[in-house]
């Protein structure tokens, strides 16, 4: 196992915990940035270009008949093939978090339309499902099983927000384990069916699942209710006869107590398990080999790579399977004080040089990777991984149209859960709607002081009528901390003094004698 340092060029801030990787024709694509996409890449999907130990990102495009795909973090993702031997595949994306921390319950199918050295185009379609549709969640897994010539997807685990009827002021946005139900999804007819199995008692999230033919093995995972990492190894077997499907579960010995681990495939029946956490404050630096043969699984410990001191001493790490035995690992940049990048990345190659040749990978992997998202409430566990069953050995693409992070805006200043002022009391775990227009995030208003910054309307003591008036009127608003400063910096308005017209003096009429006519003189003039 070889560890290679990779330098991220002008785009490391997009590679945050919770992203996914898609592999099409040997090329790896990034999906699930933190923050809404910008004009430079409205799809939020990028080609990962690795050359000379440098990691660059190039925007990808969607076809005109595609639906909108939000940048989902921590979704469940796996490949979908026509049959077990098919080389062409699509990707299923289910659930995940949006940049507003809303949870998605939608399922998307993404396929490659065209690709050349200049442009990559995808088609994304949202699938409509009926029946027992899984609730919105994240940190779960999805796999595809093949039985009797038919295929179905299996969804299990994850976390969701507390139901509205059970929410309290103190725990309004807290998360809970999803019920340990197994969902079968038939994409041909668009229907879902849930199964409750007695062997699955506790909800799990950020576990590892490996599928082969009609069998899925579930390993590890974290339970919020018990705050434990399951040491159990579950075997799900799905039978797809002409009638109703049958799902059975068996608990096997030899499991590993780990959460947020990463699985990569190194052979037709061989996988490597790396990363994750064995406790809340301890990373798991041990690696394992997983071998699937017929209807049995074997897990053995293998030699670990020579971890660098930065990896050994960092509090958290996250990563993704790149396919063909390679894993992309990231650690926070705070561990390297001399370098200013946000995160630092390594490529872990789990196969030897003599084994690094093209081979058909028929099994599917779905795992939840290690990370700690500063915006989420639960340490370490808020992460996701992806499913891979194709190679990722070629990055020979042209350097034109490389994504430039300088075109992006800073999302950190426009988040809903920032500390907007010294007296701000908005907390994601305790917040409840205050205005009638609020649903799942607090109302905010832009302060026009300086370069501008966002503040919570509730922290500014704005009434609902005033908030609506400000949103409709084309006027500048200044928060409580800057309203006095703004008044002091304003140039005093010029006072226009009214000109007083001077009074005209009366003319002296010395030559004219003004007399008042008497009655006698008046009668004399009348009769003359």
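Every residue, even glycine, has its Cβ placed from backbone N, Cα and C.
Around the Cβ of residue 459 (Zn(2+) binding site), a 10 Å sphere holds 20 further Cβ atoms from the protein chains shown. Residues or ranges marked as Zn(2+) binding site in TrEMBL: 420, 424, 447, 453, 456, 459, 479, 482.
Annotation source TrEMBL lists domain 'Recombination activating protein 2 PHD' at 415-492.
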Least surrounded among the binding-site residues, given as 424, 479, when other CB atoms within 10 Å are counted: 424
Other residues, Cβ within 8 Å of 420, 424, 447, 453, 456, 459, 479, 482 Cβ centroid (Zn(2+) site): 421, 445, 454, 455, 460, 480, 481
Close in space, distant in sequence - residue 456 (Zn(2+) binding site), Cβ under 8 Å, 6 or more apart: 420, 424, 426, 442, 443, 444
C-beta crowding around residue 482 (Zn(2+) binding site), within 10 angstroms: 18
Number of Cβ atoms other than its own within 10 Å, given for residue 453 (Zn(2+) binding site): 17
